[in-house]
Amino acid sequence: MRIILLGAPGAGKGTQAQFIMEKYGIPQISTGDMLRAAVKSGSELGKKAKDIMDAGKLVTDELVIALVKERITQEDCRNGFLLDGFPRTIPQADAMKEAGINVDYVLEFAVPDELIVDRIIGRRVHAASGRVYHIKFNPPKVEGKDDVTGEELTTRKDDQEETVRKRLVEYHQMTAPLIGYYSKEAQAGNTQYAKVDGTKPVAEVRAELEKILG
C-alpha cells in the first residue's frame, strides 16, 4: 500500500500518519530524514546531497527522486510506504511518475485556513518535556503552566500567526495544485483519490481512513 498525504500544515496529517503506519505496518518516508541518512551513510547520492547543501543550495528534484527510489527498495517498504511532504509540486509528481514510482492512494486532508491558524497559534509547549497543550482544545490545568512541573509554557516560533499564514500561502501556491493533478490521475485509473474532512474529531477521521484503505 503506497500512500501520499496531502494537506496544509496543521491539517492533522501527522496524527493520522502515525495511525496508518501502526495499523498497516508501513513506514513513513520523510525526505528530510532520507537526506540526513544518505549524507551520514556517505553513499554516492549522499555525497552529492552534501555538496549541494554545503553550498547552501536546495537539493534538486532529481536527487530527491533518486533517494526515494533507493529508499523504497528497502525491506521495511515491502508492504508499501507513506509519503508526507513529498511531492510538493507538480514537476516533482511528474518526476515520480516518470521514475515508475506508483501510488495506490492519495489522501487529501481538507481543513479551512482559519481553523488551521486557530489550531496552530493556540499551541503551547513545555520545552523541557515536549508536552504540547492547546489553549482551546487541550488547555493546561493552570493557564500558561505545565500540568506536571508547573513551569512556564511557551509558543514555538513556527506556531506564531505570521509564520503560519506564510506557510499557508506557500502551500496554496505550490502544493494545492497537486489536488487537481492527482484527481485527474484517479480519473485515469492510475491511483485512488479520497478527500477527508480534517475538521472532524481524530477518531472519526481515523474511522473514515479505515473505510477508505480497508
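Just so you know, glycine gets a Cβ as well, placed from its N, Cα and C.
These come from Swiss-Prot:
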type: BINDING; residues: Gly10, Ala11, Gly12, Lys13, Gly14, Thr15, Arg123, Val132, Tyr133, Lys200; note: ATP binding site
type: REGION; residues: 30-59; note: region 'NMP'
type: BINDING; residues: Thr31, Arg36, Lys57, Leu58, Val59, Gly85, Phe86, Pro87, Arg88, Gln92, Arg156, Arg167; note: AMP binding site
type: REGION; residues: 122-159; note: region 'LID'
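Under the three-state DSSP scheme, Thr31 (AMP binding site) falls in the helix class.
Only residues 6 or more beyond the boundaries of the region 'NMP' (30-59), in the same chain, are considered here, and those with a CB under 8 A from a CB of the stretch are 66-68, 70-71, 84-86.
The secondary structure of Gly14 (ATP binding site), as reduced to three states from DSSP, is helical. Put simply, of the binding-site residues Lys57, Val59, Phe86, Arg88, Arg156, the one whose Cα is nearest the Cα of Gly14 (ATP binding site) is Phe86. For Phe86 (AMP binding site), the Cβ neighbour count at a 10 Å cut-off comes to 21, with all displayed protein chains included. Following the DSSP three-state reduction, the secondary structure of Arg123 (ATP binding site) is strand.
Look at the Cβ of each of the binding-site residues Gly12, Gly14 and count the other Cβ atoms within 10 Å; the largest number goes with Gly12. Gly10 (ATP binding site) is 14 Å away from Arg156 (AMP binding site) when you measure Cα to Cα. Taking the region 'LID' (122-159) as a whole, pLDDT averages 95 in the prediction. With a cut-off of 8 Å between CB atoms and residues at least 6 apart in sequence, the same chain places Leu35, Ala49, Ile52, Met53 near Val59 (AMP binding site), listed in sequence order. All protein chains included, Lys57 (AMP binding site) registers 9 other Cβ atoms within 10 Å of its own Cβ.
Sequence-distant contacts of Tyr133 (ATP binding site), defined as residues of its own chain at least six apart whose C-beta falls under 8 angstroms from its C-beta, comprise Arg123, Arg124, Val125, His126, Pro139, Pro140, Leu153.
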